[in-house]
Amino acid sequence: MWARLLLHVAYILIPLLGSSARGYTGRKAPGHYSAERRRLGPHVCLSGFGSGCCPGWAPSMGSGHCTLPLCSFGCGSGICIAPNVCSCQDGEQGATCPEAHGSCGEYGCDLTCNHGGCQEVARVCPVGFLMTETAVGIRCADIDECLSSSCEGHCVNTEGGFVCECGPGMQLSADRHSCQDTDECLGTPCQQRCKNSIGSYKCSCRAGFHLHGNRHSCIDVNECRRPQERRVCHHTCHNTVGSFLCTCRPGFRLRSDRVSCEAFPKAVLAPSAILQPRQHPAKMSLLLPEAGRPALSPGHSPPPGAPGYPTGVRTISQPSTTQVLPTFFPTQLISTPVPSSSPLGTLGPPSLLQGAVGTPSSPRGPESPKLGAGSSSCWHLGATYESGSRWNQPGCSQCLCQDGEVTCGGVRCDATCSHPVPPRDGGCCPSCTGCFHSGAIRAEGDVFSPPEENCTVCVCLAGNVSCISPECPPGPCKASPQSDCCTCVPGRCYFHGRWYTDGAVFSGGGDDCTTCVCQNGEVECSFTPCPELECPREEWLLGPGQCCFTCREPTPTTGCSLDDNGVEFPIGQIWSPGDPCELCVCQADGSVSCKRTDCVDSCPHPIRIPGQCCPDCSAGCTYTGRIFYNNETFPSVLDPCLSCICLLGSVACSPVDCPITCTYPFHPDGECCPVCHDCNFEGRKVVNGQVFTLDDEPCTRCICQLGEVSCETVPCRPICTDPSCPDSVFPLEEKQQPSPHGELAKAARNARGDTEVPVNCSSCPGPPSASPTRPMVHLLQRLLRTNLSNIQSASPSPPIAQTSSSPLLEPEGISLGKPRASQPPEPSAGSPVSPRLSTLPPAIPGTPLSPVTPESSSSTFGTQTAFQWLLSATPLTEAETPSMTNADLSETLTTSSSSQRLSAALPDTPNPVPQQSTIDTPKKENSTI
């Protein structure tokens, strides 16, 4: 019984230990002053001037080492394992641990079931619950705070509270109620440029790139693939990422615009005195270096008899008296001897000079190089320098080439160190190897003291001198008369950032528990002795600001009462009044002390754990109202074409990876990735299979095929110079004759041989290979040709009345009967019959030849029309040819002696006669055969 009571008292006393108070065991009798110079073990502070336990630690009862941690709020049913860190029974760690619940919970009632309470013990409901009395006691019902909440976005009611959520593109502010715009650009969703907007963002690309169909990536623009009329380079174009590079063919060089090319001679032309302004000195005569002959330097003439140099050509050094000629330079060297009467002694006669150089009115051709004042290179001391280049010359001079002129001056030296060494041995600029200090040169790494400053130590490093003076430690004055760098300083002590005079006594830890003394520059501290206690260790109490433990007074019977709802908490009880960020403790005097924890948002999308004060960034992310774990990927709600990942409370989104297998993919609306079906050609959609022409190239025809675009030049129809007619009608006898239009035409003789019909491009529809012939029509045409060759020798027979109404032999799909579309009227008995119609033989061999008379023309008109169609019909395709074997065809042709049997042997289809087989008049028929 007593053991349980003592244990209960110990649980109450331990949480009352403060971080600023210390308890020490094993002290000597009161009145005994002990100066402990050093304390051994871990967690010891003030080592060297006395020692004590660091804040948050206390000496243990056995060894006296500082190994007993102190927890300010107590650990309840847990164990204090570090300063203000408790290890609870459920394995969690925190500033405190909940008390072990018995029949009643933390609030005096079991709130785990229906949020109820115990009427006899306490009547309390947590914040967010409404207390109601029932027949079985107190019941706590959840309050829907969303009915009157101040959420700017969407309110979600929870048990005991509510949570505010924001829509897409917005995030919750620090007040947990209002919404603010989410800067999506921080997650780098765009490849190049990103512009944030309220609830959204927009990607763009730099110059030389265009936005991909996914609206996030940037694709390089190939400037070199433009048509010839819009090409960017004069000669050759090389595409680069985001730009392009132009090059020129041999003999040309790029102009300043880096796009066009100009002619450039292979030989180096030296600037000449005659082509320079009056105010500029001459540098070199007009002399071109050739193979086997080097160029001359200014002020030097070629040696006598030197090979490769023409006689009389030399360099000059006197100023020029001739103005610049606004003409182009000659590209050939003038190798005429210089006469003695020449004012400069460098060039040939005026006639040769004028012919070679030109006059002011001479045009400047595109292949002529431009030199003189506008030249982009310089010739100096036998070398060529580009315009804008600088170089050093012997004698500490620096030269500059600018627009063909060389300007030399003194070398400008920029010192890169504080103490450079002056130049030696003909040098131009000082050196930073070594130091020049106080009139003396110091070697690299030399340590020295300046004159009259023995207490100052300097070092030379890379031309810089750094000096330091020794800092004299405090201490008593020395009796030695020898002078040194440090002066005599009275004894002082420096302790915890403050100086104390010799003999001063002060508190070491900011309280009265430690006493320190400054003696001869050293601090000695000792702890205040504590009396021995007669009460057991469990009843020790260390009050605020006290140095020694005292025995606990009898515990008062009352704790901390809350007047609003009648709840009473025992002394030392820690609870949260409803907000997990606020903790309250019941003090020993019955007062309640509450402290609120301020949370700092360390990530944009933390997770709020119920019952936990601050959001947690390590558990995952809360994004668009959903919770994601770390390293979890998910599609973006703002843009389905983005893939996002959660990383420690932060969300990073990037475009979905789209595999593209074609050159011109088209990105349909609402799709994340472009597809290789239609084409996106120069920003416009081209349907698959569509043929189109370029806007600036009407003669170029392109076609879109599954995301690829291929172009070709449209072939133009050649002029008709040698027409030909199909040979499937009947044999022609051709001869050349001029056409009325001045073209070379042909003449075709008809079947009787007495009429020549002129043939030109308009009368011949095209070569017979335009469409394949059908076997049946071709066979009938051959039969007609055979009968036509014997028609002149055939004797007339008595007219045979054709009473059969059976159709003639017809190919499949072609009706050989009367035309349906434009059938001519039947001729009357007295009307003349066309000679051609009267000479047509029967269609089948073995049938008697019957001359056509006016009486029989009406009955035989269908047969004649069919024969005429066979002579002029366009061959059909093989797909339209009737299915018939050669055996069936030969059997039909050899056993049938009438058109009725032929028509019965072959299939007959009622298809109409083609448009081109319709015969209007006999005259028109003869003109087309």
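Heads up, residue numbers simply count up from 1 along the chain you see.
The backbone N, Cα and C atoms fix where each Cβ goes, glycine too.
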From C205, C233, partner that Swiss-Prot gives for the disulfide involving C218: C205
From C233, C237, partner that Swiss-Prot gives for the disulfide involving C224: C237
Disulphide bridge to C185 as given by Swiss-Prot, partner from C179, C194, C203: C194
Annotated N-linked glycosylation site residue, as Swiss-Prot has it, among N464, N760: N464
Partner cysteine of C248 (disulphide bond, per Swiss-Prot) from C233, C261: C261
Record-annotated N-linked glycosylation site (source Swiss-Prot) among candidates N454, N631: N454
Residues of the parent chain within Cβ reach of the domain 'EGF-like 2' (142-180), under 8 Å, 6 or more residues beyond its termini: 115, 126-130, 198-200, 578, 601, 604-605, 608, 610, 624-625, 637-638
C248 (disulfide bond) CB neighbourhood, other CB atoms within 10 A: 18
Neighbours of C218 (disulfide bond) among the disulfide-bonded residues C194, C203, C233 (Cα to Cα, within 10 Å): C203
Neighbourhood of C205 (disulfide bond) by C-beta distance under 8 A, where only residues 6 or more apart in the same chain count: Q191, Q192, R193, L211, C218
Lowest local Cβ density (other Cβ within 10 Å) among disulfide-bonded residues: C146, C151, C190: C146
Cβ packing number for C185 (disulfide bond), 10 Å threshold: 16
Secondary structure composition of the domain 'VWFC 5' (619-677) [DSSP: H/G/I, E/B, coil]: 0 helix, 26 strand, 33 coil
Spatial separation of C224 (disulfide bond) from C190 (disulfide bond) - C-alpha basis, Å: 26
